[in-house]
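A.B. asks: Take this structure, written in structure tokens, and hold onto it; I'll ask about it next.
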Amino acid sequence: MLLILIAVHLLSQDSIAALRPRPPDARATPDSCKDIDNCRTLFSVVWGCLATIFACTWVSVHPNVPPPDQSSLQLLWRRLKMMLIAMTAPEIMVGFAARQFFGSRWLVKNFRFSSTQAFFFCMGGFVSPMGHPIATKEQLENPAHRFVFQTAIRNVNKEEIMDKSKGDALSKGVALLQGLWFILQCLARAHRHLAITQLEVVTLAFAVVNIFIWLLWWNKPLDVQRPIVVGPTLSDSDSQATAPDQFSHVDQLRTAILGFRTNEYHPLSSVSVPSFWSMDNDDIGANLLLILVGALFGAIHCAAWNAIFPTPAEMWIWRMSSLVIIAVPCLPYLLAPLTTIDWLESTYTVLVLLGIFFYIAARIILLVLALMELRLLPASAFMDVNWSTYIPHI
């Protein structure tokens, strides 16, 4: 965290000199870069950003175990929806990952599960012989069958779980290195007082936030499509199993942001956990981390506070939008006490929905402004970093 804060400070200070408004003749085309060995094209700038965003979102998103009998197209669409959420509001994915991370730590501490077993439990990876998910604290603490379930889960070895995972340390490491390399490039450009485009600032924010997601989900199996059956047949297994569609769209949005309340999800009435299911462990660490990362995500956009913009209006719109994406992630938690009062719960919903509307609008505006800026870049934007200056030599 300290290193990231230092990086933000470096961008907000050194990049001011690199991105301070210049006279109109400071803007140029790729042809204005004279040193062919240290030049880059507009295509390379855009491609580097797109490749980093794709690598960040595709590998960092770890979905829960899906309902059974879904087609390949349905599984792909489910994954793409998660990616879209990660690209639109990466803070939501950080909160989701943090809740599962702290939930897995609680399981390791209280039930002596391994980290892999705990994550697999949190993502709905274990089911009873009747096909109901085993995914809540109540199931593990139920005196009727807690020892049987706990022992059965502990007997599932790590290799059996990871065999179902579609990712390993190598694939995750490659994507992580891509993100770290992009961050290093931006820091080097700021240090050398070379212009950093707004599109690179947007991508930098994605890369930094996704580092948190990677670290939180490092031990979570990736893209598991089938659960593992454990435990005995339950006496109350005659309940009808249905897909977990008992939540309204507003409830789905609320649980994605704030997590699930105690006893809000009933596994005996479903065949899989909800997409954003995370065990309720009453840990404020996940909410605190979400607020901090959300503020960091917006702060990185604020690093371009004094960047070059085609017009003053675009500069002020960028600044206001950056402040919006800092403030909105805090809104659900600041207003959370309203949910404890019945007649104010609808007010809470309206305010949060308004905040989400402004957040999405601000995210779209920032992306549009970043793309619009590509039409007229400063000359130094086409200059590449000369890495030999960072290598000690005679």
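Indices start at 1 and increase along the chain as displayed.
Cβ coordinates come from backbone N, Cα and C, glycine included.
Nobody curates TrEMBL annotations by hand; they come from automatic prediction.
Note that the coordinates shown come from a computational prediction; the quantities given were computed from them, not determined experimentally.
Sharing the features that TrEMBL gives for it:
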type: SIGNAL; residues: 1-17; note: signal peptide
type: TRANSMEM; residues: 41-61; note: transmembrane segment
type: TRANSMEM; residues: 82-102; note: transmembrane segment
type: TRANSMEM; residues: 199-217; note: transmembrane segment
type: TRANSMEM; residues: 284-309; note: transmembrane segment
type: TRANSMEM; residues: 316-336; note: transmembrane segment
type: TRANSMEM; residues: 348-372; note: transmembrane segment
A.B. asks: Against which stretches of its own chain does the transmembrane segment (199-217) lie, if we need a Cβ under 8 Å and a gap of at least six residues from its ends?
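C.D. replies: Sequence-remote neighbours of the transmembrane segment (199-217) are 4, 7, 11, 45-46, 48-49, 52-53, 56-57, 59-62, 86-87, 90-91, 93-94, 97-98, 100-101, 119, 172, 175-176, 179-180, 182-183, 186, 289, 293, 296-297, 300-301, 303-304, 307, 366-367, 370-371, 373-374.
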A.B. asks: Under an 8 Å Cβ to Cβ limit, what residues of the same chain, 6 or more beyond the ends of the transmembrane segment (41-61), are close to it?
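C.D. replies: Cβ under 8 Å, 6 or more out: 30, 79, 82-83, 86-87, 93, 167, 171-172, 174-175, 178-179, 182, 185, 197, 199-200, 202-203, 206-207, 210, 213-214, 217, 222, 374, 377, 381-382.
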